[in-house]
Structure formats: C-alpha cells, structure tokens
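Copied from TrEMBL, the annotated features are:
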REPEAT    36-69  repeat 'TPR'
REPEAT    70-103  repeat 'TPR'
REPEAT    104-137  repeat 'TPR'
REPEAT    138-171  repeat 'TPR'
REPEAT    172-205  repeat 'TPR'
REPEAT    240-273  repeat 'TPR'
REPEAT    274-307  repeat 'TPR'
REPEAT    342-375  repeat 'TPR'
REPEAT    411-444  repeat 'TPR'
REPEAT    445-478  repeat 'TPR'
REPEAT    479-512  repeat 'TPR'
REPEAT    548-581  repeat 'TPR'
Amino acid sequence: MSVSYFETANQLLRKSQFDNAIESYQKAIEENPTSAWSYYNLGEALVNTGSIKGAIAAYQKAVDLNSNSPWFHDRLGSMQLQAGQLSEAISCFQTAIALDPSFSEFYTNLGMALTQQGNISEAISSFHKALALKPNDGETYYYLAQAFTQQNQKQEAIAAYHQALEINPYWSECYLELAKLQDNLGQTDEAIKNYHRSFQLNPNLIESYQSLRTILEQQEQWEEIIKLSRRCCQVNSNSAEAYYDLGTGLIHQQESEEGIIALRRACELNPDFVEAYQQLGQALFQQNEWEEAVTVYRRCVQLNPDSVEYQWSLAKALVQVYNLEEAIQVYRQTCYLESSSAELYDQLGQTLAQFYQFEEAIATYRQALELNPENQGEIQARLQQILEKQRQFEEVIAIYRRTQEFNPNSFESYQNLGQTLRQQGNIENAIVAFRRACVLNPGSPVAYHLLGHTFAILQKWDEAISCYRRACEIYPHSPDIHLHWGEALEQKENYQEALAYLQKAINLKPDFDLAYEAMGRVISKKKGVNLDPLSRYREMQKNRPTDPETYQDLGQQLHRQGYLKESINCYQKGIELQGEPIHLWFYRNLGEALISYQSSVISYQ
C-alpha cells in the first residue's frame with residue numbers, strides 16, 4: 001500500500017523539513033482539494049518558514065472547508081494577530097469560543113488581541129475567564145499583568161506577575177517585566193533583585209542587563225557594574241554595547257588600560273558606534289595616547305561631521321601630535337560650527353601662533369576678544385605678543401626690500417626671504433617667511449622642506465617632522481626630505497622609525513652617503529653600544545657577535561677615525577655573516593675602506 005502525499009508531508013513536517021513538507025501538502029491538496037487538514041497543516045509548515053501571509057491564506061481555506069473546528073478559527077486568529085490584523089483576529093477567537101467555550105487558551109488569545117486593540121477592560125475579563133477554566137496557567141497571568149499595567153493598575157499587575165512566577169519560577173521575561181514595573185514604582189531593591197534573576201536565567205536578555213546597569217549607575221555602584229558587564233561580555237562576546245559598558249565602568253574606576261582595551265573591542269564590533277569612539281578618545285586623552293586619539297576622533301568626525309565636540313577634540317589631538325596644519329583646518333571648521341565660542345577662537349589663535357602664522361593669529365585673537373571672554377586679559381596679552389612679532393617681521397621685510405625685489409603675494413618672494421634670513425641667523429623670522437610661503441603655495445614640497453629644516457635649527461623636532469611629513473605627502477620621491485625626517489626622528493630617539501625613513505632615502509638614492517652615515521649612527525644609538533670604536537672592536541673580537549649590521553656600523557666608525565685595517569676586518573665579517581638578502585652597501589663600504597687603505601700605503605711609501 002503506497003503512502004499518500006498527506007502522510008508523507010506530515011512526516012516531513014515532524015522532521016522539520018518544511019520546504020519539502022509544503023511541496024507534499026500542495027500535492028495532497030491537488031489530489032484532494034476538499035481536505036481541510038491538508039490546508040491546516042500546510043499553514044503550519046508555512047509558519048515555520050516565516051511565510052505569515054501564506055499561512056493565513058492556508059488557515060482561511062481550512063476554516064472555509066471546516067467552519068465547525070474551533071481550532072482552525074483559533075489558529076487563523078493567532079496568525080492574524082501576529083500580522084497586526086486585530087479586528088479579524090478578535091472575530092476568529094470569538095468564533096472559537098462560541099464553538100467551544102470550555103477551552104481556556106481561546107480566552108487567553110482573545111485577551112491578547114483585545115489588549116493590543118486597547119480594549120483593556122474586556123481583555124482583563126477574558127483573561128479572568130481563561131483562569132477560571134485553567135487556574136495554573138502562568139502565561140495567562142503574564143498577559144493579565146500586562147493588561148493591568150496598561151490600565152495603570154500597577155499593584156494588580158505586580159500581583160499577577162508574582163502569580164505567573166509561582167507557576168513558572170524560571171521565566172526570565174516575566175522577571176524582566178516585573179522588575180521594569182517595580183523600577184517604575186520606585187521599588188528599586190526589588191527591581192534590582194528581579195533584573196538580576198532575569199539576567200541569570202537568560203544572559204542573552206540584554207534588556208535586563210541594560211535596565212539593571214541604569215539603576216546601578218544612578219547608585220554609582222561601579223564595581224557591580226564592572227562585574228555585570230564582564231559577565232555580559234562572556235555570554236555575548238559579539239556585543240559592542242557590553243564592551244562599551246565594561247569600558248566606561250573601568251575608566252570610571254581609573255582602570256584605564258583595561259577600559260581602553262574594552263572600548264577598542266566595542267569599536268571593532270560596531271564601527272559605527274560613535275559613543276564608543278568618543279569614550280575611547282577621552283580615555284586616550286587622559287593617557288596621553290595622542291596618535292591613537294587622532295585616529296579615533298577622525299572616525300567620530302566621519303560619523304558625525306556636524307559635532308562641535310568631535311571636531312574640537314580632533315583639533316586638540318592634532319595639536320598634541322604637532323600636525324598643526326590639519327589642526328588649524330579642523331579648528332576653522334569648528335569655529336564655523338560654533339561661532340560664538342571665544343575659547344575656540346583663542347585655541348585656534350594659539351595654534352596659528354605656534355605655527356608662525358601670525359597674520360591670521362592676530363585676526364583670530366581679535367575675533368575671540370569681540371566675544372567678551374572671561375579670560376580677556378590673557379587673550380589680549382597673547383595678541384600683543386604676536387603683534388610685536390608681526391611688527392618685527394614687517395621691519396625685516398622693509399629692510400629686505402631695500403636691496404631685493406619683493407612681492408607680498410608671491411610665495412617665491414617669501415621663500416627667498418626665508419633663505420636670506422636663515423643665512424643671516426635670523427631663524428625666527430625665517431620661519432615666519434617660510435610659513436607664509438607655505439600658506440601662499442600649500443602644494444610646494446620645497447617650502448615645507450625648508451620650513452622643516454629651519455625648525456630643526458631651533459631643535460623644534462616635532463614641528464620639523466610635521467613639515468617633513470607634509471612635504472613627503474606632496475612629493476614622496478625626495479631622498480633629502482626622507483633623510484631629514486629620519487634625522488629629526490633620531491633626535492627624538494625614535495630610532496626604529498628613523499631607520500625606516502633613512503632606508504627610504506637610500507632606496508630613492510642608492511649612493512646617498514649622508515643617509516648611510518645617518519643609518520650607521522642610528523643603529524649604534526638603537527643598540528645602546530659604547531661609541532668608542534676601537535674599544536668596541538677589541539670587545540667584539542672576544543665576544544664575536546653574529547649581527548652583520550653591528551660589524552658594518554663599527555666598520556664605518558673605525559673608517560672615519562682612520563682605523564683602516566680594523567674597519568676592513570669588520571666589513572669582511574659583516575659580509576660573511578649577512579646571508580640573504582645581500583646588502584650592496586656592505587660591499588661598497590668595504591671597497592671604500594680598501595681604497596683608503598691602499599692610498600694610505602702609497603702615501604707612506
């Protein structure tokens with residue numbers, strides 16, 4: 001005897017093979033189009049695939065074929081309720097009750113629909129009828145409590161939630177709703193207890209955790225917040241909100257390092273979580289982690305470009321990393337967004353002055369003073385100082401014009417003026433001139449390079465690096481700029497990064513003697529070795545290190561000081577140890593040492 005499509009479909013439905021079940025039910029309906037059960041079970045399969053509209057149509061057909069089944073009406077009503085078709089759902093539930101008034105679930109479902117419709121009194125009545133038929137139905141008490149809450153009968157709602165929990169003490173959602181109601185009524189201790197219970201039963205119920213955290217924040221129970229947040233991160237390891245809460249709690253407790261790690265994780269999990277970036281930026285500010293703070297606040301500005309707070313914070317961070325040009329641009333944008341802040345104009349003026357952009361600094365300080373700030377005296381003093389420097393610079397220009405042609409709108413005129421002043425030792429005014437050249441021609445790598453090199457004369461290494469960076473952005477193929485950048489980094493004892501830029505200089509110009517010399521010097525400093533080359537040579541003969549660069553570095557120092565045999569030995573040992581890749585400059589150094597040695601022998605003879 002063959003198995004019918006209907007029986008096959010039922011087996012597939014029980015195995016949760018819903019798509020195949022739907023196909024078999026449709027064939028069963030083709031075979032027997034008057035089978036109400038085929039349509040009903042088709043509806044069940046469609047519900048499990050998320051096809052609510054299709055399920056409603058199937059249940060409706062089942063009702064049409066067998067209008068005497070209260071179950072068919074109830075199931076149709078449940079789907080209509082889910083689809084928001086409240087009037088239709090209520091009609092179905094009422095029909096089900098009329099057909100079988102002894103089944104409590106029909107009254108519960110009717111009560112739910114009436115609650116959503118806003119007909120609370122009738123909903124409460126329907127729930128009471130359900131409970132009269134089935135007194136131990138926890139779900140009905142739960143929905144009754146929600147109806148009481150809408151009716152503002154809060155004590156009755158609390159009692160109903162308690163009844164539901166007596167029947168089912170492991171119902172996390174019920175604890176949550178009870179806690180929310182108690183929280184609303186100011187029953188804080190009870191609310192905390194029930195939020196905890198809800199979260200313990202279902203750690204994925206984030207609303208419990210968030211609501212509990214809000215109360216704990218109000219009570220400033222930060223240790224409890226941290227403990228709770230850690231648990232939430234354990235059970236919801238992909239929750240950006242959980243890591244954000246953990247990070248903010250840790251930072252509040254001065255546990256900044258771990259707090260920063262948590263906030264970084266929040267930002268990784270949700271790259272659009274601007275509040276997490278903001279908190280991370282503030283924490284990095286406190287730790288003086290300026291480079292990362294710049295990156296973080298750039299992201300804040302990307303996410304919300306009209307935020308004065310984010311723009312302002314980015315500008316402050318840029319100043320700290322001496323990226324003054326971009327800081328000035330961001331400050332200008334912030335002043336545009338918040339034109340009534342004297343503090344903003346004052347900070348912009350200070351940044352302009354720091355970068356020797358005196359004319360705009362003067363105008364900006366004056367704008368700040370027009371806003372009648374509380375620190376008017378301080379701003380006035382800064383303005384007077386810059387006015388004096390600008391006056392001195394104008395005097396320098398006047399003297400220069402006596403012998404040289406000068407066009408105040410030409411960047412080349414300011415560049416030539418800067419070079420003249422630098423040769424004369426007037427470094428401060430040379431910087432002003434070069435800075436003016438950069439303003440007039442912001443695409444000139446030469447102007448920025450000259451400005452950076454002049455800052456270096458004053459040992460203002462951060463400002464110099466900022467200028468070299470900009471020069472390389474404009475023209476990345478200059479070995480000289482990379483050399484000077486590396487030397488500035490050397491002065492800041494940032495040896496690893498210095499080596500990277502010196503290597504770029506050598507890559508751009510393989511016979512660049514100054515870059516090779518600087519690289520050897522930086523390697524020595526990086527290794528913290530004794531800089532007396534002959535002593536180092538004797539010590540190395542005993543210890544025999546295996547690093548080829550150490551021998552090359554020492555060979556260069558010995559060569560410069562005239563210890564030619566020793567330098568040749570070092571170069572040869574470095575070549576012997578180098579392995580892959582081969583460094584051509586090792587051979588170059590050896591060749592030059594051999595030539596020097598040969599020349600010295602000939603001279604001696």
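Glycine is no exception: its Cβ is also placed from the backbone N, Cα and C atoms.
This prediction places the mean pLDDT of the repeat 'TPR' (240-273) at 94. Secondary structure counts, DSSP: the repeat 'TPR' (70-103) has 27 helix, 0 strand, 7 coil.
Note on the repeat 'TPR' (548-581): DSSP counts are 28 helix, 0 strand, 6 coil. Sequence-distant contacts of the repeat 'TPR' (274-307), counting only residues of its own chain at least 6 positions beyond either end whose CB sits under 8 Å from a CB of the stretch, comprise 240, 243-244, 247-248, 251, 256-257, 259-260, 263-264, 266-267, 313-314, 316-318, 320-321, 323, 330, 337.
For the repeat 'TPR' (411-444), residue counts in helix, strand and coil come to 27 helix, 0 strand, 7 coil, using DSSP. With a cut-off of 8 Å between Cβ atoms, the residues of this chain six or more beyond the repeat 'TPR' (411-444) that come close are 325, 355-358, 389, 392-393, 396-397, 400, 404-405, 450-451, 454-455, 457-458, 474. Per DSSP, the secondary structure of the repeat 'TPR' (172-205) breaks down as 27 helix, 0 strand, 7 coil.
Look at the repeat 'TPR' (104-137): DSSP puts its residues at 28 helix, 0 strand, 6 coil.
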